[in-house]
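Report on the following structure.
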Amino acid sequence: MSQIKIELIKSINDLNSRGLLLSSKWSSEQLNGLSPTILATPLTNEEQLSIISQPSISSPPIGSNEYYKYILAKNYFDLKEYRRCSDVLIDCNKYQLPIFLRSYATYLAIEKRREEDIIEQQAQQQQQQQQAQQQAQQAQQESQQNDKNNDTNNNNKTDQQQQQQQQQKIEQCQEFKQLFQFYKKLYIENKKDMDGFLLYFYSMLLKKQRDFTMARKVLIESVHKYPCNWSAWSDLSSLCSDSADIIMQLSLPDHFMKDFFLAHFKLELQQNNESLVIYQQLSRTLFTQSTYILAQTAIGNYNLRAYDIGEELFERLIELEPNRLENIDIYSNILYVRDKKASLSMLAHKAMKIEKYCPETCCIIGNYYSLKLEHDKAILYFQRALKLNDRYLSAWTLIGHEFLEIKNVSAAINAYRKAVDINPRDYRAWYGLGQTYQLLKLPLYSLYYFKKATTLRPYDPRMWCAAGGCYEFIERIPEAIKCYERAEENYDRERVAINKLAKLYQEIQNNEKAAFYYKKNLYYCDQEKIDGQEIIDALLFLANFYKNQNQTQSEQYCLRLLDYAGPEKEEAKSILREIHSKSKLSSKSKPK
């Protein structure tokens, strides 16, 4: 127990000293999430010494010249002056801590410049569009020669800007290649001496190079050498294929971090029940106060569509952390689905007070406007979220839904594709793509995306119903029936599958199966006191089906049909007359 506490304390220092702030935050949360008994137990002198001691190859000794340079560089890093940080450590090659910080600072500087270039390009495109509009308006008033001169000047400016951007891209690419070659050589020649952090950074470079197999191999080596780096585990999860079987083949360290990884990975794969079991075990034994586990458990219940439990857990989370915004956009999804306008309005106002310009806040407000059917305002806030973080998955998916609502299919497709690029495991984006192609009357495309969604979420009846609808549209009835049966096996709350199965079996004249599903649907409708055309269809079919088998039952269905107006009522009367005439004939034919 105390060993876990020591490892977490040590990891906070190690991660923070390398600028891995998200991982450091995660370790801090788990440290504070330990049970009160473990936290209250004081550390011995030996344990305190083990926390501050570092391997000789890792950190420069206090008082050395490299240590002074590292302290200065770390301050530059914290102030996001990544180039200055890298410059200070340019000659520090003896210890692994300054090597990592220099490399990471260089990497972040390249990424920062890339993001700035994207913003500049977008601004230039907007400026060019505005200039084109202005020129079109002035074309009627100005002479043709002036127009030609203006076009030439604008084209020259555009060419110069493009040349500058191209030169910057080449320089960034060369810098990245140098960084990659340095780590590749280091790994080949000196892999045994590389610590877990240098291995983790090398895996980041491999991911950028799209060498995912090698990146996964290096990450496994990294978590073996240093298990308490959550970013390494998180990256490993993203590099594993969409099957839990691959985890069994990986050689992972026997460590408490492995349980967190497995729970996270299974949640990503929509194996929600298995994930929740692991989180429950962790929260019962060690991490009884972990808000991270509480949030993940709430998300798991949201994925399972247990919205009441998910809402309760999120409310408990907000009580513990009133100013928390992380994951609270998922809570807003629950309030949206449950049609709780007042609660969602209060949450949106609260989020605005906590942090106005935050992706989560923008998504919460977007959900609020979407619930009010103000789709233009919802789109505006989701776009703001994406300006703040262009890799914010929820915003891409939600803005796709909004574009779909206003029938802007091309924009919806673009948004869903962005979501899939960020996370290929996002079933909502695949499902959304299927819906967009349904609107375009392209059932084969739609079917492809719905099948992707069923692969990612095989226990969700909505995915199977959507795939079944496509098969039905292209008249592949046996495949449609199989999809609807899968939906029915997985508790189709909306009862779409039962109704469809009854009608499809009726269509192919398998009347016994049709009667089975019509009776089942009728039972649920009676239980929920639902009335409508599906009740009439079920009663009429069952009345006809049983008139030659069980006249009493057929009579009961006919009597219920008499309560409805329309042609079905007359047909019920006709069936009743037929039943009565048959019963009279049978009674006359009996021997006296």
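Cβ atoms here come from the backbone N, Cα and C positions, even for glycine.
As the structure is a computational prediction, the values presented were derived from the model and not from experiment.
Straight from Swiss-Prot, the features:
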| type | residues | note |
| --- | --- | --- |
| REGION | 129-166 | region 'Disordered' |
| REPEAT | 66-99 | repeat 'TPR 1' |
| REPEAT | 160-193 | repeat 'TPR 2' |
| REPEAT | 291-324 | repeat 'TPR 3' |
| REPEAT | 359-392 | repeat 'TPR 4' |
| REPEAT | 393-426 | repeat 'TPR 5' |
| REPEAT | 428-460 | repeat 'TPR 6' |
| REPEAT | 461-494 | repeat 'TPR 7' |
| REPEAT | 496-528 | repeat 'TPR 8' |
Distal contacts, the repeat 'TPR 7' (461-494) - CB-CB under 8 A, six or more residues away: 305, 427, 431, 434-435, 438, 443-444, 446-447, 450-451, 453-454, 500-501, 504-505, 507-508
Residues in the repeat 'TPR 1' (66-99) grouped by DSSP into helix, strand and remaining coil: 24 helix, 0 strand, 10 coil
The repeat 'TPR 3' (291-324) - residue tally per DSSP class, helix then strand then coil: 27 helix, 0 strand, 7 coil
For the repeat 'TPR 6' (428-460), the number of residues DSSP places in helix, strand and coil: 26 helix, 0 strand, 7 coil
